[in-house]
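Read the structure below first, then the notes.
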Amino acid sequence: MLCLCLYVPAFGERQTEFEYFESKGLPAELKSIFRLSLFIPSQEFSTYRQWKQKIVKAGDKDLDGQLDFEEFVHYLQDHEKKLRLVFKSLDKKNDGRIDAQEIVQSLRDLGVKISEQQAEKILKSMDKNGTMTIDWNEWRDYHLLHPVENIPEIILYWKHSTIFDVGENLTVPDEFTVEERQTGMWWRHLVAGGGAGAVSRTCTAPLDRLKVLMQVHASRSNNMCIIGGFTQMIREGGPRSLWRGNGINVLKIAPESAIKFMAYEQIKRFIGTDQEMLRIHERLVAGSLAGAIAQSSIYPMEVLKTRMALRKTGQYSGMLDCAKNILAKEGMAAFYKGYIPNMLGIIPYAGIDLAVYETLKNTWLQRYAVNSADPGVFVLLACGTISSTCGQLASYPLALVRTRMQAQASVEGAPEVTMRGLFKHILKTEGAFGLYRGLAPNFMKVIPAVSISYVVYENLKMTLGVDSR
């Protein structure tokens, strides 16, 4: 009987043998093999168990909780392809070798900062011949029997824009790994994100409508509070009136997300970078431009959403009736009221949201990412909530001015004003505080919106067959 064994050197430590998989399912020419065994030092049991669980999860195709020989070989072949892609992305000089500077630069491009000393420490763990560079064989041999814990794994775990929907689709789009693009998983992520956004926006629609009412109608003489606002809405139109404007708000998710993603991919090609993943500043530029293109395409729907949210009972029979009325009474230009402050608001929102999220991600990866880049649900939700809140806080005055300009014709006797004139008017009559009317309900909806969108996103991912790593 032949025993095929894999040995992990552990000099000076007592070695213990563990069975890895049974010989069931072996090809006929290898029937004499009884088992594959692994020798590890006794104090490394917990690390071994984590390693085994990840490999079985990645390679177990028949879901029997074990790896047979064919599954193990398939896992090794698939894993080697992934390692080859990562090696190529790290090899900036295309010389077939990776040095410390290339590791530092690759991580810096993704917003992960490490020192050259830390990079050298990484190299030493893989470098067999003492050259302080790693060739393909050294890279493959070191990582082949380790779960994928590399740069693409960071991208897999730290998706932000696709997962969290707080009602403002101004964030920089997420990156997708080479594997996700090749397997078509990217569109499933987008569909799951769109579905999550629809549920999240519907659940928080009453707070969103209250925010719009406070932005347009609240003033020093009419100091609308949260309870008073809800009471006024229910008294005027009943409980169903709390969801006015939600239909168009949900309807615009699909075209906006699709246009934004396609524009982002085209802008990436226009930038001409030869890297699969953009640097942070390139992501900000590409994301902001993609957001501007998407917003320009669906902006009439934004105006309709505001008018529908502000309408009185019986004013319009539906979205189409609202659109016809605006077109007949105000002309086509009315569908682009508030367009300039909306475009200007993209840069501070997207920039601060991205900067804060990358900073929080960076801090966590440096301090706590020991065995995996997976931050866990709580950390991901906290980072997403904080970055979205900071982005909204920075761009809120522009969002308020945009909403008031969109609502001009719905407020009887309201004069036609410019963005600059409206800013001056608000500061003169209400002070700086007037630029933040409706901020309380806006912030109140962030945590439930992020939480709901995450839960729905994860469930839709499973339904669509997206692997959770």
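Note: Cβ is positioned from N, Cα and C throughout, glycine not excepted.
On a predicted model such as this, the values are computed, not experimentally measured, just so you know.
Residues or ranges marked as domain 'EF-hand' in TrEMBL: 78-113 (among others).
The domain 'EF-hand' annotation in TrEMBL covers 114-149 (among others).
Annotated repeat 'Solcar' per TrEMBL: 184-270 (among others), in sequence order. For the repeat 'Solcar' (184-270), the model gives a mean pLDDT of 87.
What TrEMBL records for 278-363 (among others) is repeat 'Solcar'.
The feature repeat 'Solcar' is assigned by TrEMBL to 375-463 (among others).
Look at the repeat 'Solcar' (375-463): DSSP puts its residues at 73 helix, 0 strand, 16 coil. The residues of the repeat 'Solcar' (278-363), classed with DSSP into helix (H, G, I), strand (E, B) and coil, number 73 helix, 0 strand, 13 coil.
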